[in-house]
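Peer 1: Have a look at this one.
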Amino acid sequence: MERLHARYPFLDAARDAVEAADVDLAALVADGGPAVERGRERVERALLSGTVAAEEPRIWSDRAELLSYPVARVLVSLLDVPGAVEKYAAAEAATARERFVDDFEADLELKSSADQRLTLDRLLADFDMAGRVEPLGDGRFSVAATAYLELAAGLDDPQWRLATRPLSAGTLPVSRPELYTLLREAVARRVAEGLPLSVPDVIAEPLDGELAAIRRQIEDLDPPTGFETVTPGLFPPCMRALLSRARDGESLPDESAFSLVSFLLGVGLDRDAVIELCSFDGERAARVRDRIQRLETDDGVVATPPSCTVIDEYGDCVDPDETCNRIQHPLSYYERQLDQQPAEELTDWRAQ
């Protein structure tokens, strides 16, 4: 098992390496050990911090790191927490982007040997995009329109709209960082593919301890929702700031838009109310409707908003107050603020 496979466990070659090693997943989880421990950390870090990078990378072997990936996929499947799969896939993809950008830049500068790093050509081939992405020079690339539309579908920033790019011979131009973002989206799609898994008891039961530990760590990821009263003045500082930016017409980054919209859904607003509160109209309103549709599962459950830790990493934690220091989730903040106000003094925004 190579270091490259451990860094990019979603690659076809990494999966082939696991199969070639004839690893029995049931036996692996029954025995416990480093791969299971790292798999638990992988899920915890994904859901709490938006990354799957180990806190202490040097203590894990390449084997433990690679095998922690299938273990993590099992654990996140067993969690049954709304939005957990999406957050896990996004964290795997975000971590992969950091790593492959480092590798690609090293490749450009010839800083390391080829067998130690992932190359752009190899990643494109792994996602069947060889021939669908071509260099144009000066750090720009042409991307087949079909591939672009598929990978940019989940990106809400106006810069990704098809109308903003010249279409020529079925291709669209992108910058190098934009290509990296599209590849991040490709990784997220692959990681999420097939999740949640149907896990047999022989694999699930030995993981009861790890699952309980994860639940204790992320208990605030299942925060209170569906409040009877919606009072924007009692929102946490981070959400008040994002709401103000949205009302001012700013196009929020994808992560910030997700945080705001999922929070507003969490407090009990429906699609139309979210759009009205944020003063969205026209194309912005249409994009928000599409985002909300993606956040809802088939049974109407909405993906849980990010925790305070993740919001801080997005750069959206602003003006924290004393309540912020005592909670780990924006919805928990809102619940506390409501509890501290006399009921007769609360005004529901929807009734105004």
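The backbone N, Cα and C atoms fix where each Cβ goes, glycine too.
Straight from TrEMBL, here's the annotation block:
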type	residues	note
DOMAIN	229-344	domain 'DNA primase large subunit C-terminal'
BINDING	Cys238, Cys308, Cys317, Cys324	[4Fe-4S] cluster binding site
Peer 1: Let me check the 10 A CB neighbour count of Cys324 ([4Fe-4S] cluster binding site). How many other CB atoms are there?
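Peer 2: Taking all protein chains shown, Cys324 ([4Fe-4S] cluster binding site) has 17 Cβ neighbours within 10 Å.
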Peer 1: Give the helix, strand or coil assignment DSSP yields for Cys317 ([4Fe-4S] cluster binding site).
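Peer 2: Coil, per DSSP.
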Peer 1: Counting every protein chain present, what is the number of Cβ atoms, excluding its own, within 10 Å of the Cβ of Cys238 ([4Fe-4S] cluster binding site)?
Peer 2: 25
Peer 1: Which residues, sitting 6 or more apart from Cys308 ([4Fe-4S] cluster binding site) on the same chain, put a CB under 8 Å from its CB?
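Peer 2: In sequence order, Cys238, Cys317, Cys324, Ile327, Gln328, His329, Pro330 meet the Cβ cut-off.
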Peer 1: Using the CB centroid of Cys238, Cys308, Cys317, Cys324 as the [4Fe-4S] cluster site centre, which other residues of the same chain sit with their CB within 8 A?
Peer 2: Pro236, Pro237, Ile311, Asp312, Asp316, Val318, Pro320, Pro330, Tyr333
Peer 1: Run through the Cβ atoms and count how many others sit within 10 Å of the one on Cys317 ([4Fe-4S] cluster binding site).
Peer 2: 18
Peer 1: Look up Cys324 ([4Fe-4S] cluster binding site) in the DSSP assignment and report helix, strand or coil.
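Peer 2: Its secondary structure by DSSP: helix.
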